[in-house]
Amino acid sequence: MQSSFDKTPLLFKQVCVIGLGLIGASLAQAIKDNGLSERLVAVDRHVPSVDEAIKHGLLDAGSTRLTDVVAGSDLLIIAVPVQAVQAVFTDIKAAMDNGQLATDCIITDVCSTKVNIIEAAKSVFAALPTGFVPAHPIAGAENSGYHARRANLFVNHSVIICELATTSSSAIAKLQQLWEAVGATVMPMAADHHDAILAHTSHLPHLLAFNLVEQLASHDDNLDMFRYAAGGFRDFTRIAASDPKMWHDIFFANERAIISALDEYGVYLQTMRQLIIDKDSTALMGLLGRAQAARRHFGHMLASTPYTDTSAMSASYNITPSNTVSGTITIPGDKSISHRSIMLGSLATGVTNVTGFLEGEDALATLQAFRDMGVSIEGPDKGRLTIHGVGMNGLKPSKTPLYMGNSGTSMRLLAGILAAQSFDSVLTGDTSLNKRPMERVAAPLRDMGAVIQSTGHDGTAPLSITGRDTVGQPLQGVEYDMPVASAQVKSCLLLAGLWANGTTTVIQPEVSRDHTERMLSAFGYPVTVDGNRVSIEGGGTLTGGDIAVPADISSAAFFMVAAAISQGSELTLTQVGINPTRTGIIDILKLMNADISLSNETHVGGEPVADITIRSSNLQGIDIPEYLVPLAIDEFPVLFIAASCAQGRTVLTGAKELRVKESDRIAVMADGLQTLGIDCTVTEDGLIIEGKGIEGKGSNADSNEVNNSQPVFGGGHITSHHDHRIAMSFAVASLRASKPITIEGVETVNTSFPGFAELANQVGMSIEVHDSRA
Ligand SMILES: O=C(O)C1=C[C@@H](OP(=O)(O)O)[C@@H](O)[C@H](O)C1
Ligand SMILES: C=C(OP(=O)(O)O)C(=O)O
């Protein structure tokens with residue numbers, strides 16, 4: 001990792017670290033390695049640690065007594081067990097009183113409890129020093145002591161700072177600079193809130209880990225127990241190897257909050273005990289499923305990688321050029337339909353069984369949101385889900401903001417549902433989603449009487465929605481003339497309309513995908529479609545049933561283009577959804593002269609499906625008809641790859657919407673295409689691409705023999721801009737590339753197409769997935 005040494009000026013003249021345990025010694029090492037202080041001194045009761053730290057060149061001086069080394073320090077870091085802090089404050093006060101320390105020097109700590117540290121300071125100082133800033137780095141390891149120190153212990157970890165009325169802003173600013181320089185992120189929090197949160201997230205788990213080891217160790221047959229203890233025991237009790245003195249102090253120091261967390265734990269434990277005794281399989285499955293999903297969901301947040309968050313991108317594709325693809329493959333389930341199956345299944349009466357559900361992160365975010373609102377959902381298990389519908393009025397308020405990850409569809413459709421609920425809600429997402437426009441749904445929802453605020457910078461998420469109980473009346477049906485052909489806006493309003501008084505009508509400028517309308521009908525809810533006008537009456541009910549989700553044509557598109565642009569290729573994609581509001585990709589590729597045919601056409605779950613076969617084709621550049629834009633809205637990134645391989649120019653217009661997807665797909669694709677040597681021009685609402693395909697040269701003048709053997713792309717380095725479709729599109733380009741292509745930030749592919757690289761390799765491509773953190 002690059003050191004911040006070059007960038008960060010010396011912040012302090014002399015830092016004095018009091019306590020050379022894991023945290024104190026690690027922070028000392030990080031300060032040293034990053035050159036943040038002219039001098040570094042330390043105090044510790046353990047003489048060998050101090051001696052070694054001096055010998056290692058970490059410290060300029062050290063002692064067992066504060067007064068020996070503290071003179072002239074402008075930052076004091078207290079890193080001793082909680083119950084020893086008061087004595088340290090007494091020593092610090094003495095040093096101030098005798099002039100060794102300036103009264104405005106910064107004093108901070110790294111302890112796991114905050115209220116009692118502040119109390120300790122108050123009992124020593126008549127007036128709290130202006131430099132006193134209580135803090136707590138949320139970082140640690142079960143190893144303790146000087147030898148376990150790691151300068152990178154704080155990288156990507158949070159540090160909570162408790163600002164007191166007495167604290168000077170310059171002390172806070174300087175401490176924040178220090179923590180950021182060693183790689184941490186600083187968050188402000190009130191001391192009592194800190195203690196309550198930490199009691200649940202840190203103190204309770206430690207207490208339980210110590211307790212379980214104690215329980216097992218006290219059994220007579222404990223040797224056998226430990227000998228055969230499987231991973232579960234090892235994982236659960238890892239933290240019981242932590243420093244007993246430190247935890248002893250913490251348990252007493254945060255007594256009230258820990259006892260309250262423990263009592264709540266007892267209630268949950270009793271519930272589980274009773275479910276087992278009662279053999280209540282449904283409730284137990286619901287509980288376990290909810291917990292498993294919540295853990296996966298929080299896992300992303302814990303790793304500060306909310307699904308596809310910016311800071312966390314570390315996976316890349318290293319792709320070696322290949323030139324042909326072949327085979328018969330099954331593409332994962334449709335994302336749009338998967339979202340809707342959870343939403344309507346949850347609101348229905350009775351049970352809904354879903355098959356073919358897309359286990360991608362976007363659809364899983366929707367699933368988690370409904371679990372957070374109290375819906376019991378079993379699965380997903382190989383695309384199967386069982387949703388125990390709660391009916392139109394059965395959702396419960398979520399205890400936390402609903403986290404939508406990277407998924408625009410989840411956030412916009414849920415906004416419609418939540419605007420009609422009795423309770424308040426907050427919807428938030430990852431960095432990319434929190435930049436996307438939300439007023440397009442918030443404004444028309446307000447016309448219906450919703451109270452909804454887009455609290456981000458620019459009409460963006462987080463969305464804060466006030467419940468009808470507070471507003472005092474239900475939503476009102478409206479007639480809304482949509483300025484953009486967006487299925488998300490249309491669906492949001494139709495879903496809100498389920499609870500509205502009277503009729504809700506949406507008029508779309510062009511046809512957009514109609515999965516909401518179809519699925520509402522399949523659940524027995526009447527929807528009236530009259531040309532581009534779609535209407536719904538409020539006050540009805542939904543009845544659960546079976547939903548078979550077809551393969552996603554938007555994911556299939558990558559493989560269609562792969563076969564069309566490469567040499568000697570033929571791919572068959574089985575049972576892909578060919579809803580006419582989604583088949584713009586087929587129409588556009590056909591206009592470009594692609595060799596595509598459909599077979600085995602049938603219907604599953606109210607949606608038409610077919611096997612799609614596509615072969616190597618002599619693609620021709622075209623002017624893409626604007627009416628096809630909403631019908632292929634997600635497929636343009638990969639269509640740009642096709643256009644680059646076509647003969648002649650392709651012109652896209654009327655596609656401004658591409659600029660507000662997971663990335664600005666016009667700008668980002670143009671950038672990547674240019675990197676790979678394609679001549680293209682960005683326009684306000686589209687892109688002009690000069691295709692590099694050459695005429696097919698058959699021996700027979702009438703034959704349409706394909707010549708896709710020449711590379712059209714060079715090699716190079718592409719970034720996904722946190723957009724799954726950008727990553728997959730440039731992977732397809734490798735079929736006509738002369739050199740390797742590297743694509744950074746490909747974890748985002750999991751939002752819509754888990755297993756993409758494996759499937760691509762199965763048909764003949766050569767993608768190596770590399771994770772720099774692995
Ligand atoms: O309704 C849906 O499921 C979707 C609609 C489209 O968005 P817009 O309606 O905003 O164009 C599309 O881009 C998105 O991937 C899924
Ligand atoms: C735009 C997309 O999805 P969403 O709007 O749901 O994030 C997409 O999948 O390309």
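Cβ atoms are placed via backbone N, Cα and C, with glycine included.
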According to TrEMBL, which candidate in Gly408, Gly691, Gly693, Gly696 joins Lys335, Arg436, Gln488, Arg665, Arg725 at the phosphoenolpyruvate site: Gly408
Long-range Cβ environment of Arg665 (phosphoenolpyruvate binding site), under 8 Å and at least 6 residues apart: Phe636, Pro637, Leu658, Arg659, Asp723, Arg725, Ile726
Candidate with sparsest Cβ neighbourhood (10 Å radius) among Ser336, Ser486, the listed binding-site residues: Ser486
Annotated binding-site residues Ser336, Ser486, Gln488, Arg665, filtered by Cβ under 6 Å to ligand 1: Ser336, Ser486, Gln488
Span of Lys335, Ser336, Arg340, Ser486, Gln488, Asp634, Lys661 around 3-phosphoshikimate - largest C-alpha separation, Å: 19
Per DSSP, three-state class assigned to Arg665 (phosphoenolpyruvate binding site): helix
Listed binding-site residues adjacent to ligand 2, that is, members of Ser336, Arg340, Arg436 whose C-beta is under 6 A away: none
Between Gly408 (phosphoenolpyruvate binding site) and Ser336 (3-phosphoshikimate binding site): CA-CA distance (Å): 11
Number of Cβ atoms other than its own within 10 Å, given for Gly408 (phosphoenolpyruvate binding site): 21
Alpha-carbon distance [Arg436 (phosphoenolpyruvate binding site); Lys335 (3-phosphoshikimate binding site)] in Å: 19
